[in-house]
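Trainee: The structure that follows is given in the form of structure tokens.
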Amino acid sequence: MAGPLRAPLLLLAILAVALALSPAAGASPGRTPRLLGGPMDASVEEEGVRRALDFAVSEYNKASNDMYHSRALQVVRARKQIVAGVNYFLDVEMGRTTCTKNQPNLDNCPFHEQPHLKRKAFCSFQIYSVPWQGIMTLSKSTCQDA
């Protein structure tokens, strides 16, 4: 009688161990488990995120026909994904500055306050970086007026 029960009990034990070790087992209620290799939240203070943001803003300004530079007003969300390099996903509120494009230093440019010159945009940037090879590319960029 012990023989016929052994196989189902063994399968049940294997299933219990597999469930206990699955990524979903450690997830908090109401939160989806983080996938290995999937995007994860990143801090704007991280050096890689800062470099990706600077690169995205530079590319945004190169592609813009505006006579004024724009810069980040606020980083709404920053995520990163480790692949053969790093994908950065940045949601950024951009603002038009008082500096024209022939002025090189964008860091200290104030934002326009005059209503007819003030302009904001909400942008989502995807930047691919391979830091050890010095590679950084803007994979995707979408913006809409805010």
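Every residue gets a Cβ built from N, Cα and C, even glycine.
Pulled these features from Swiss-Prot for this protein:
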{"type": "SIGNAL", "residues": "1-26", "note": "signal peptide"}
{"type": "SITE", "residues": "Gly37", "note": "site 'Reactive site'"}
{"type": "MOD_RES", "residues": "Ser43", "note": "phosphoserine"}
{"type": "MOTIF", "residues": "81-85", "note": "motif 'Secondary area of contact'"}
{"type": "DISULFID", "residues": "Cys99-Cys109", "note": "disulfide bond"}
{"type": "DISULFID", "residues": "Cys123-Cys143", "note": "disulfide bond"}
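Tell me about the setting of these features in this model.
Mentor: A sphere of 10 angstroms centred on the C-beta of Gly37 (site 'Reactive site') encloses 9 other C-beta atoms.
Other Cβ atoms within 10 Å of the Cβ of Ser43 (phosphoserine) number 11 in total over all chains.
Within its own chain, the motif 'Secondary area of contact' (81-85) has Cβ neighbours under 8 Å at 37-40, 128-131, 133, 135, counting only residues six or more beyond its boundaries.
According to DSSP, Cys109 (disulfide bond) sits in a coil region rather than a helix or strand.
Cys143 (disulfide bond) carries a strand DSSP state (E or B). The Cβ neighbour count for Cys143 (disulfide bond), using a 10 Å radius over every protein chain in view, is 16.
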Trainee: Tally every other Cβ atom lying within 10 Å of the Cβ atom of Cys123 (disulfide bond).
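Mentor: Here the count is 20.
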Trainee: Between the Cα atoms of Cys109 (disulfide bond) and Cys123 (disulfide bond), find the distance and write it as a whole number of Å.
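Mentor: It is 20 Å, counting Cα to Cα.
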Trainee: Limited to the motif 'Secondary area of contact' (81-85), I'd like the whole-number average of pLDDT.
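Mentor: PLDDT averaged over the stretch: 95.
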Trainee: So among the disulfide-bonded residues Cys99, Cys109, who's got the most Cβ atoms within 10 Å?
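Mentor: Selected residue: Cys99.
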